[in-house]
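J.: Pasting a structure here, questions to come.
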């Protein structure tokens, strides 16, 4: 366009430079025409084209007006003066025109008008920026830069006319132009400063990016402050800036969700219409909404990338001109200088464009991660139960940690899909112009390498998939091992489990070894291919026409630089393809997830007029569409304010009914209507990792009076007093530092605090002591006295005493309501409910027969009749309805206790002792001492304050540079000889590389000389090319060998590091797991081991390769132009400082980023586990906000880390560009030196052109090395933590313990050194086969004694002997394997039923079935489709809590050692099954010594003796009869509290 304008305005005199400019020794002037057409028009055209970008920004800004005393005010003043100046210039032109002056010229008039129009537009835009609060504008800054640059020729023209009198100038025009030019320079200078809005609330932590000038943003200078701070000290989260408003989740998610939802809704409508459309190809797209949301960002990125790609091809053309200049000594020096300046400017512009492109794309990747994380989280909270069934928590977390990461990773390289083919096409086009058809021979060779690489890449991909499979298997197993670590230690299963993990790991390492060989093949072809391509092209080129086709330096090195450009997109295409395949897999997984069914919102009863709180009509519900109906024919109408109890045996569908009401189950038919807000108390309390107070508040505002009332009613007052920081104490993952009872009470308090209309209780009284249960019922649930008395309450319970106080009792049997009515009505009906009571009473009669005669009958009878008239009433009512029941009970009683004279009243006495029992009464047990162990003793003053509130230790965050010992430890794991061998192999390969290139330079110089002298020989050229090729292939072969050496060393290191870590973790004491979140340990075993397996080998290889490349480049340049060494010395100092600032800052940012990533996953995992509670309470939106907040907190560290890379790259590339400048500049300056040939210059400058990338890569790799070696540091940290049982190595005989005699001698124990003793001088002797109950109030030390018996905690004084052996001297493994425990928490592992009973196939199937039979599970397991092979899901989620507990009992029955410890063996089972279990234990463990930890007294009333503990000391130790006969004793008062007496 500009030549056309020049021709129209200037006519025939339209040259750009003055005549004869090529032969001038000084820099030629631009012609009058060029100055006033081209150089005047360029800035104005630029402004007109890009002003819409600024107008768009003006339209969308919400900033306040710019302050008056900002640089913009001065810019407006200067702009006005410029307009006046140019106005006068135009008037002057018109004056000359109308006066027919000879000095008038159309060219001047055109140029002045165009400039005047441009400056007027710039002034208008500047004023608009001030009014709309635009702090800085790139469009205006670049406009003034172009004005200044394009004005230089005219300014020089006037100056030379003034000073040197070279030509005549018009003084008026010259004066006006000089003033205008000075004003333009002033405008440019003022644009370098940012403006300040008038109403900006800028905090100290505001990110300076958007308050800095365009130049600062372009060079990332705004980041320098953080880089300096990072160099002075180790950065902490407090030092980081707040997230920019445009990057906050709350600002970016709505637009994405608005684009995503229509697709999801359309899919749901389509599937509803035609279920067959639920196929993967119809799933709602994820990419389309992303494209719609970020189309403008992608367009800007495409413009940056296109400009960069075009500029890439400028360097080879300039290199061609430079070599030509060196060869042609007659050319004036200014041409060489101009070429060098253009080279520098082109490189500089490329750097700026590339890093703006990456900054935009990485920020876009960050946004994509943010919006997809929120979308996945939202979806996960709304998944229907059927959809949730096929997805483990791990699988959903994987979507977030792996699949979203893959989509984020592809964003920065997405432009390569069109950019790489474009670069390939342009490279071949320019190569064709140099080498002709010969280029296709080289290109074919390159294309032939691609399928080979493709095959290798395919195999590598298969290996990666296989490795990921093994890794998933290993991590899944480790997750379950860590979740059940306490049980593993109690069962002594650690070694066997460790062996299973190591077997999986060995398979993983075999795949890694295969991968390393394949990788070596890729490296060989990657380094070898360019040599082959260039050699083949050159040979064909020479052979086609040996006379005319001469490999001169100009042809050789320009072709080589183009081959270098060609190599990159070809290599990247393969990488992009690989990433795209992975991204496609992740995309399909996300699409499938977004297509999953969501939970249907429950119907609300219209208007508040209805008296019904809850209405279910003809409801049938199933957990999934392909299963039978779990619940059927359910019709239920509950009035407002009613208390409704739901009872039934294990597996009758009680919990399922609550889930159906909450909408968690598939509604097959019927309707469910809810009138009012809902709170839900699940059977297994869901506790969040936050303070106890926040667990109760659950996002509701704090009301002190209401809060205190709730805490008192839920019996939490005493617990709060025992916690180190009261209600501010942090509760660990899954409530690890609370007992079962405390967790349940916190869950209950949460529901009460919400003050809902309807409360659903899923057996909450089962996990608390009987007296606490009574307190809660009276103060919370009861219609008469409870704080929820006016609310609608639905209570699942196994506690029969509460039923009389209920308005309605619903009896469930086999998934349907068999009876419903008031308590009295149901007893009168003599139906299913009466049967249920009778079964229970019969079993109790059998179970309690021999205990009835204990103590002074007269006294006890009196006590019971006063406190337990209710039970008498149950029996009386049953007797009235069916007189036969009482006789049957009495007959059973007499059969069980023939030795005793009994009467019906005695039986009532006996039963009344059991009356208030519950099914899962784990009291707040002795968790007080455990709490102390975890949180620090309450009396320690120095721990007062904030530290006390914390249980989970803050993740250790290393600071400063990585210690040399860490590197040494890693290289030792590889082995020092292998490391040295690898290093020397690379020295050899670099030497061969440099030699081959020097040889090529010499070859091209000789070819040129021969051609000039006319005696060239094609045979010589072929021989020389063969030598060059062999040197290149030799280099590739050495690198390939080095890669294999390194990879094998790395596999060895991986094996050693993982085995050390795993072994240490398996032998760590339980105290370690109590204060270390499972996620943190899994991070070491997953992400850190992955870094050691796959990332570190690549990083080390690339780093060594890059460092040698930099050294080779500098050697070549200094060899060619020694004076360039001086420039390198200065540049290396700059490089070193930039590097120091970057590495110290970047390393710490990476650490902060890693640490801030864990809370996202922890919160996600926690939310999925508590999804039903979150939905029930209606706080889904609040939880989504919390998730977004955690993502934002992560981005606060991630964003500076990302910018740090750009900050470094811009500075390093500037150093690289200066190296190009010095190499080319010295070549121009010393072109007459005798040793400097065109070949050497070509070699030197082509090396220099690549150094920019190499320098950048060197720092990146050094930084990556530091970042990834941190993984070794983290692995080593957990490989040296203290382990248990190191001092005990004695082995007892194989049959030990033969008798089961236990002697506890003056035994004391504390949880950790420095804490209070929890047992003080306990002495007791248990005879062989004796049945001893251990009782005591909360905090007495019951659990501590059990833990000490298994040496989970070690003795502080005294000892425990079993059959004469001090357990402290025995090997831990032997000790634990010879004792048996039925633990309080039923822990199952995912796998078959048989694996859960006998993980190491030590018993026959017959023995397993026998154990199941005795545990009352035989009929259940036989009813399962796969029997013993039935798959148990993660954590046993597909079994009820009661069934899980029975499986744990079956384990004990199978193992059957001489000493058995029962820690609440029958929690969460119905009353009948519980009685059967007690009978089983009595029969099966008749010959064993049995210690029973009593969480409810009735369980141990038939023990031979009771050990009563009080504050860690033995208070009483005698038979129950003797203890009950002492009214002043501790046991008597406990029995009284529990309504046993």
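The backbone N, Cα and C atoms fix where each Cβ goes, and this holds for glycine too.
Given the structure is predicted, the values throughout are model-derived calculations rather than measurements.
For reference, TrEMBL lists these features for the protein:
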type     : residues  : note
DOMAIN   : 310-582   : domain 'ABC transmembrane type-1'
DOMAIN   : 614-839   : domain 'ABC transporter'
DOMAIN   : 980-1267  : domain 'ABC transmembrane type-1'
DOMAIN   : 1304-1536 : domain 'ABC transporter'
TRANSMEM : 42-60     : transmembrane segment
TRANSMEM : 72-92     : transmembrane segment
TRANSMEM : 140-159   : transmembrane segment
TRANSMEM : 179-196   : transmembrane segment
TRANSMEM : 334-354   : transmembrane segment
TRANSMEM : 410-432   : transmembrane segment
TRANSMEM : 438-458   : transmembrane segment
TRANSMEM : 517-543   : transmembrane segment
TRANSMEM : 555-577   : transmembrane segment
TRANSMEM : 978-1000  : transmembrane segment
TRANSMEM : 1103-1120 : transmembrane segment
TRANSMEM : 1208-1230 : transmembrane segment
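Could you place these features in context, so I can see how deep they sit and what lies close by?
T.: Sequence-distant neighbours of the transmembrane segment (72-92) (same chain, 6+ residues past either end, Cβ-Cβ under 8 Å): 66, 109, 112-113, 115-116, 119-120, 122-123, 126-127, 129-130, 172-173, 176-177, 179-180, 183-184, 186-187, 190-191, 195.
Sequence-distant contacts of the transmembrane segment (140-159) (same chain, at least 6 residues past either end, Cβ-Cβ under 8 Å): 29-30, 34-36, 38-40, 42-43, 46-47, 50, 54, 115, 118, 122, 125-126, 129, 169, 174, 177-178, 181, 184-185, 187-188, 191-192, 213-215.
Residues 298, 301-302, 305-306, 309, 312-313, 316, 357-358, 361-362, 364-365, 368, 439, 442-443, 537, 559, 562-563, 565-566, 568-570, 572-573, 575-576, 579-580, 583 of the same chain lie 6+ residues outside the transmembrane segment (410-432) yet bring a C-beta within less than 8 angstroms of a C-beta in it.
For the transmembrane segment (438-458), the list of distant contacts is 428, 431-432, 518, 521-522, 525-526, 529, 532-534, 536-538, 540-541, 544, 549, 563, 566-567, 570, 574, 578: same-chain residues at least six beyond its ends, Cβ to Cβ under 8 Å.
Outside the transmembrane segment (555-577) by six or more residues, the chain places 312-313, 315-317, 319-320, 323, 413, 416-417, 419-421, 423-424, 427-428, 430-431, 434-435, 442, 446, 450, 453-454, 457, 526, 529-530, 533-534, 537-538, 541, 1000, 1003-1004, 1239, 1242-1243, 1245-1246, 1249-1250 with a CB less than 8 A from a CB of the stretch.
Tertiary neighbourhood of the transmembrane segment (1103-1120): same-chain residues 982-983, 986-987, 989-990, 993-994, 997-998, 1039, 1128, 1219, 1223, 1227, 1236, 1240-1241, 1243-1244, 1247-1248, 1250-1251, 1254-1255, 1257-1258, 1261-1262, 1264-1265, selected by CB-CB distance under 8 Å and a gap of 6+ residues from either end.
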J.: Using a cut-off of under 8 Å between C-beta atoms, tell me which stretch among 42-60, 179-196, 334-354, 978-1000 contacts the transmembrane segment (1208-1230) the most.
T.: 334-354
J.: Hey, which bits of the same chain come close to the transmembrane segment (334-354), Cβ under 8 Å, at least six residues off its ends?
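T.: Beyond its ends, the transmembrane segment (334-354) has Cβ neighbours at 22, 24-27, 218-219, 304, 307-308, 311-312, 314-315, 318-319, 321-322, 325-326, 1209-1210, 1213-1214, 1216-1218, 1220-1221, 1224-1225, 1228, 1231, 1249, 1252.
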J.: For the transmembrane segment (42-60), find every same-chain residue at least 6 residues outside the stretch whose CB is under 8 Å from a CB in it, and list them.
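T.: Cβ under 8 Å, 6 or more out: 2, 114-115, 117-118, 121-122, 125, 128-129, 132, 134, 137, 139-140, 142-143, 146-147, 150.
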